[in-house]
Each structure stands twice: as structure tokens, then as C-alpha cells.
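Enquirer: Have a look at the structure that comes next, please.
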């Protein structure tokens, strides 16, 4: 090996220093960029509703028409407020050396739900033929964010459970846990509801489906396709989740339960916020908005459907003894 080759090896080895530093700070920098984009989305939503003016006028004129739909308004507000807060919390945790796994999993569910519905709705809705270069830029943003989702899942769990509390909780069957019995009833009803709305958007000819779509949620038939995609995603993904959650509440030792409830509660919070808001928004054609006579029932059902998963998530996160197994070290003590 000559001198120049040896020097090249030496210089190449030194590159590990800046590369290691770059990868170590990449997560914090990425969430900082996401926070910046969230504020941009908030500005877009405010200007779309004429609350402010003169910030994003050019973009709104030149952007794809999807952003000007009622659903586009709602995800702009969600990203600009809720996702923004999540990014700040995750950046703070990374900066201070804490764990951001719990808030990260909640963000993963919210982000993935938004991405699935928005991208598929853009592709198959009435604006599907107007996809332009900005849509490709959005895809690149999604790919980077998906990488961040995998990084969140790779974080170690932070729950601390004493070995003595686990047998105590497991000694109680489900009938001796009244709160869990209520959650089981909720999960059964939620399973039926998500399947029912999936059948409605699939044009089921049953009288109940036709009457529900006409009197309570005509937005399900909106040609933008976002509500249709939303209900199909709910039926195909939330439905199996409810069955798994039922199993997790009945059978002790399902360690995946707290993480799964975090992801699903984030996804359903985003879904219900966007769906309720778009169903009532003035950008939705009048014939597809919720009729005044059905608004009370619509709000009651959809708010409960969105809030009860948050309560189940809180129960699993704060009292996880039922779902965890004692480690071998704890068993020997």
C-alpha cells in the first residue's frame, strides 16, 4: 500500500466523526422541520377560512385543489395545532435525554391515518386527475416521516412494573374489573359501528344504511372520497384492532396492548376531528353537510367514538400491570 492510499484510509476514518454527529442529531432536526411545516399548515388553514390574509395567497392559488376541500382545512388545523405540540414535546424529550416513545406512538397513529386517507383520497376522489408536482413533494415528506415512525418504534419501553403487582392484577377475572367490562362493551359497540359505516360507504342497500346516510351523515357520500376512504380504513384496521383489544382486556399478559392503544387512539383522534369538522364545514356542499335535525345525534355518537379510545389508552398507559409479564429478575427476587 502506497502513502497516498494510507492517507486516504486515515481521512476516510475521520469522516465517522461528523457522520456520527449528524445521525445523532438528525431526529431532533427532523422534528424541528416538521414543527416548522406544521405552523405553515396552520397559516394555510387560517387563510383558507379568511381569518388572516396575505400570507399564503400565492400558494393557495397555485396549489392542488385538494388542499381547498373541507378535509384539507381540517388536516391543516390538526397538523398546525396537535402535531405541532407533539413535535415540540418530542424535541424537548430528545434534547433533555428523556423518552419520547409514548408521545411518538400517538403521533405515529395520527400521522399514518392522515397520510392514508389524504393520499388515497387525492388519488381516487373527484380531483384525482389533477395531481401535480406538489403531490410528489408531499410523497417525499411522507417517506421521511415513515422513517421517523420506525425510529419511534425502536425506542425501548419505559414502563416500570413491580413483580408483586402483576399477580395481584391477574388474580381478578374480567368480571371483577368493572371498568374493563365497560371498555369491553364499548369495544363491541365500536366494532359494530365501524363495520356499519364501512357498509354505508360501500352503498349497502339495507334500509338502515340508506336512512343513516341521508339523515345523519350525508358527508359519507361526498365525491371528494375522503370520508369513503376514512370509513374503509376504519373498517379494515380499526375493526381488527377492536377484536385484539378485546382479547387483550380478557387475557392477561398481552404486552403489546399499551403500545397498540397509543397508536390507535392517535389515529382515531385525527380521524374523528377531521371527519366531524369536514361534515359541518361550509366548504362541504350543503347537500352533504349534516342536517340540523340530525346534528345532536351525529355529534354525540362521533364524539363518544373518538373520546372513548383516549380513555382506554389512558387506562392501559397508567395501569399496565394486567398486560405485562414479570421479568426473570423479578421472579427470582
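Numbers here mean position along the shown chain, with the first residue as 1.
Each Cβ is built from the backbone N, Cα and C atoms, and glycine gets one as well.
Note that TrEMBL annotation is computational and uncurated.
For reference, TrEMBL lists these features for the protein:
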type	residues	note
DOMAIN	26-149	domain 'EXPERA'
DOMAIN	179-313	domain 'EXPERA'
TRANSMEM	6-23	transmembrane segment
TRANSMEM	75-96	transmembrane segment
TRANSMEM	103-121	transmembrane segment
TRANSMEM	133-153	transmembrane segment
TRANSMEM	179-200	transmembrane segment
TRANSMEM	229-250	transmembrane segment
Enquirer: Considering only Cβ pairs within less than 8 angstroms, which of the stretches 75-96, 103-121, 179-200 has the most against the transmembrane segment (229-250)?
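Expert: The stretch I would name here is 179-200.
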Enquirer: Using DSSP, how many residues of the domain 'EXPERA' (179-313) fall into helix, strand and coil, respectively?
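Expert: Its residues divide into 110 helix, 0 strand, 25 coil.
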